[in-house]
């Protein structure tokens, strides 16, 4: 991960996840007053029904984790050994082992998602949330240790990343006691976007600066502009989140007017939504998949 690609690829993965989650949360917020009756039978049947029900998030986390682990191991020319043969022995490749631990956590988190949704008799959402919180607690510890030998610009870049991870950890911890809060879901989505976009920015700052000249650790203006860029990321991601909500609201107002209640909330086929947030998000994701399936069938 101590390379340009090692920062940009995880950043793009987190940014894409944050943008997708922004669409899902926006749709859930828009439709929070009324939903089609969830007791209706699912539309997807046949031989691919089991594959369609697989936890796509968990599968994506596993694939991303395995890919990043393979890339991290391939970056070490002589092999990723734990200790040398000197007397007394010393630990080697400390940062690489920390990177590998982060990617193992991502893979295990994906495994837990798949196990909870597809292997257990009933989905265990508290288990998924608990493992996610534990993952970010460990990630925060690794990042704090990761910057011990960093100075100047690199130290400042990673300190701001640690701030985002700390806030995400607090949000996930709060969601253990308040899982049905839309505000926490929106903050979580925003922080995932921040974490992803800032990792991409960190790759350009540390390894491929746009000017072609490396940032200087002893130049106070360079260090100050790291914070300025971070603030720009905050504003851009906030505007992006607001724009996604606006586009989603316009889309559902124009193309799905039947999803809104035109009369009483006791109208046939609709129920008043007082279900947990994760159930609303599940129904939103399922409706998106149904729309994609209908579009693929209707296209020549």
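Cβ coordinates are placed from backbone N, Cα and C, and glycine is handled just like the others.
TrEMBL annotations: computationally assigned, not manually curated.
The transmembrane segment feature in TrEMBL is assigned to 12-30, 131-148, 160-178, 190-207, 223-247.
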Which of 131-148, 190-207, 223-247 contacts the transmembrane segment (12-30) most, counting Cβ pairs under 8 Å: 190-207
Close approaches to the transmembrane segment (160-178) from elsewhere in its chain (Cβ under 8 angstroms; 6 or more beyond its ends): 126, 129-130, 132-133, 136-137, 139-140, 143-144, 147, 184, 187-188, 191-192, 194-195, 198-199, 202, 226-227, 230
